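Undergrad: Here it is, the structure in full.
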Amino acid sequence: MEVMKKQNIILVTGMSGAGKTSAIGVLEDMGYHCIDMFPVQLLDELGKIISDEHDPRYQNIAFATSAQDYQKFLSYFEGRDKNVRVVYLDASNEELLKRYKFTRRNHPLIVSGKANTLEEAIEAERDLFNDINYRKVIHIDTTKLSIKALREMLESRLAIDAKNSFVISFVSFGYKNGVPLDADLMFDVRFLPNPYWIESMRNQTGDDKDVYDFVMEKEETKEYLTHLLPFLDYSFEQYKNEGKNHLTVTIGCTGGQHRSVTLVNYLFDHYRNRYKCHKGHRDKKVD
């Protein structure tokens with residue numbers, strides 16, 4: 001019998017200007033379905049939509065909520081057998097003032113007429129959080145945090161697998177059709193022996209075993225991989241540590257049918273158990 005997993009619900013709340021929108025962006029990169037400032041009056045309707053725990057889109061959901069609404073969200077989901085966690089973001093008054101002056105945005109409590117000045121709005125919002133139980137929430141002070149540091153803090157405090165927030169796309173292409181414009185890393189394998197010149201393989205691609213074996217068994221390919229793989233191993237970790245969430249690695253040969261397709265298939269299989277990977281063949285002929 002299939003065991004149903006509980007949905008993971010993260011409520012991101014805290015002081016306006018402390019980084020709720022940034023945190024939601026980070027969680028979205030980590031694979032969460034994110035909803036920013038959803039009207040609490042429509043929560044029952046939303047609950048019906050996301051109640052299917054078999055739908056992978058709604059297995060992990062994050063909400064950004066205001067001081068006025070977070071307790072209503074919390075009560076709603078805690079009463080429905082979900083894994084619910086609250087992330088409370090804070091920052092010093094001085095830092096909040098600085099951020100608002102930098103962005104030139106209005107504080108929500110000023111917009112709603114509940115405060116006249118920014119200082120009043122910050123103090124009034126702190127009062128709204130007076131009853132928050134800090135022992136039951138994940139409290140993060142963002143005063144001195146960069147986006148990268150916030151990402152690392154969320155990964156650590158929420159015990160989210162960082163592998164799922166770093167995605168690598170391996171894409172083959174043919175130089176005769178132009179280079180991909182979205183490539184982060186591009187490698188030219190036109191120096192490898194070309195199966196195109198073997199008549200029996202001319203109309204095949206790197207998806208076919210004959211072509212794949214031909215390319216991978218060549219000494220030039222084996223030697224190339226002794227240089228390429230260590231470079232990629234190092235680069236992937238550095239990109240991930242810098243907070244990059246998606247990397248596109250492109251491999252090009254002349255027509256995008258044989259050598260580049262083979263190498264992309266190999267790299268995808270090589271890295272798929274270490275990172276979240278996708279692969280695509282831009283110029284491969286449709287079977």
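The backbone N, Cα and C atoms fix where each Cβ goes, and this holds for glycine too.
According to TrEMBL, the record shows the following:
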| type | residues | note |
| --- | --- | --- |
| BINDING | G14, M15, S16, G17, A18, G19, K20, T21 | ATP binding site |
| DOMAIN | 8-159 | domain 'RapZ-like N-terminal' |
| DOMAIN | 167-284 | domain 'RapZ C-terminal' |
Undergrad: Counting Cβ atoms within 10 Å across all protein chains shown, which of the binding-site residues G14, G17, G19 comes out on top?
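TA: That would be G14, with the most Cβ atoms nearby.
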Undergrad: Far apart in sequence but close in space: which same-chain residues, 6 or more away, have a Cβ under 8 Å from K20 (ATP binding site)?
TA: V12, T13, G14, D36, A64, L89
Undergrad: Among the binding-site residues S16, T21, which residue has the largest number of other Cβ atoms within 10 Å of its own Cβ?
TA: S16
Undergrad: For A18 (ATP binding site), just count the other CB atoms lying within 10 A of its CB, please.
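TA: That number is 25.
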Undergrad: Restricting to the domain 'RapZ C-terminal' (167-284), what is the model's mean pLDDT?
TA: 93
Undergrad: Tell me the Cβ neighbour count for M15 (ATP binding site), meaning other Cβ atoms within 10 Å of its Cβ, over all protein chains shown.
TA: 23
Undergrad: Reduced to three states, what secondary structure does DSSP give S16 (ATP binding site)?
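TA: Reduced to three states, the DSSP call for S16 (ATP binding site) is coil.
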Undergrad: With DSSP helix as H/G/I and strand as E/B, how many residues of the domain 'RapZ C-terminal' (167-284) fall in helix, strand and coil?
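TA: Taking each residue of the domain 'RapZ C-terminal' (167-284) in turn, the totals are 53 helix, 26 strand, 39 coil.
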